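Quick look at what Swiss-Prot annotates:
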REGION    38-60  region 'Disordered'
COMPBIAS  38-54  compositional bias 'Low complexity'
BINDING   GLY123, ARG128, GLU145, PRO146, VAL147, LEU179, GLN180, GLN195  S-adenosyl-L-methionine binding site
Amino acid sequence: MDSRGFDSEGREFSSATEMWAHEIGAAADAPVSAAVAEPAPAPAAGSNGVAGEQEAGGGGKREEWYSKAIAYWQGVEASTEGVLGGYGCVNDVDVKGSDAFLRPLLAERFGAARRHLVALDCGSGIGRVTKNFLLRHFNEVDLVEPVSHFLEAAQENLTECMEVGEDTHKAANFYCVPLQDFTPDEGRYDVIWIQWCIGQLPDDDFISFFNRAKIGLKPNGFFVLKENIARNGFVLDKEDNSITRSDAYFKELFKKCGLYIHSIKDQSDLPKELFAVKMYALVTEKPKIQKNGKRRRPKNSPRMIRS
């Protein structure tokens, strides 16, 4: 059976398929994992929306889904407090948790080789994650963000960062494009970081995005998805048209994307009224089983996705 859930107005859905049919007029390839709906926590401390300033493809309800999300984020102040939904206090904790998750992954995947590391910050907002975290680890970071005043703020914030001597670790490119329309350059990125934004995409656009994004990974590159997690099923926020999925829901979507979980970690020390947050490191090849029964982590070999 499909995941059960509800929206922020109290409407219950027997499945994610039913919800997507109601919201965008089509079944959005919902995953199949039975679950019971939960009471809604406070609004998530997510950052920016991922629908585009440009209109999303498709017609009718799907366009309305994305345009409503963009309208919401266009009304949000381009500040840390704004993009974190009034929870600017979680910034330091968030950065610390992300750093602790990423450091060992970089060491394991890339070792001590002098490699020019490049990351993509998806749903980058004002450049909060890039400035406070990604630029510590990567020589270049590209930012993709659909809300123009957020991206303009990111350019200003990161220019200031460059002026204090961090020229060897720089924000390289700024793309004002929604994720559902974005395709990365082939083989450019060591890490594609996606945080507090994938909830803006219906399931079918979620799957399409990851399938396109695979071509952007270098050999041994990987995705990190950091997101709010519902205890069961899903919770749909009608204010900004975003969905909070359960861990089981995400895992079904990862399978549909042809992605494998390399590691998972919970974000700690968030305010109790917020959703839980998990970090997933995702790779494109299934870990092989060694003779001792342990899984060996192979290098990624990104392939061109053909239509």
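The backbone N, Cα and C atoms fix where each Cβ goes, glycine too.
Not measured: the values here are computed from a predicted model.
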CB neighbours of ARG128 (S-adenosyl-L-methionine binding site) within 10 A?
27
Cβ atoms near GLN180 (S-adenosyl-L-methionine binding site) (within 10 Å, other residues, all chains):
24
Where LEU179 (S-adenosyl-L-methionine binding site) sits in the secondary structure, as DSSP reduces it to three classes:
helix
Report the largest Cα to Cα distance, in Å and rounded to a whole number, among the residues GLY123, ARG128, GLU145, PRO146, VAL147, LEU179, GLN180, GLN195 that the record lists as binding S-adenosyl-L-methionine.
22
What is the total of other Cβ atoms whose distance to the Cβ of LEU179 (S-adenosyl-L-methionine binding site) is within 10 Å?
27
Could you tally the C-beta atoms, other than its own, that fall within 10 angstroms of the C-beta of VAL147 (S-adenosyl-L-methionine binding site)?
28
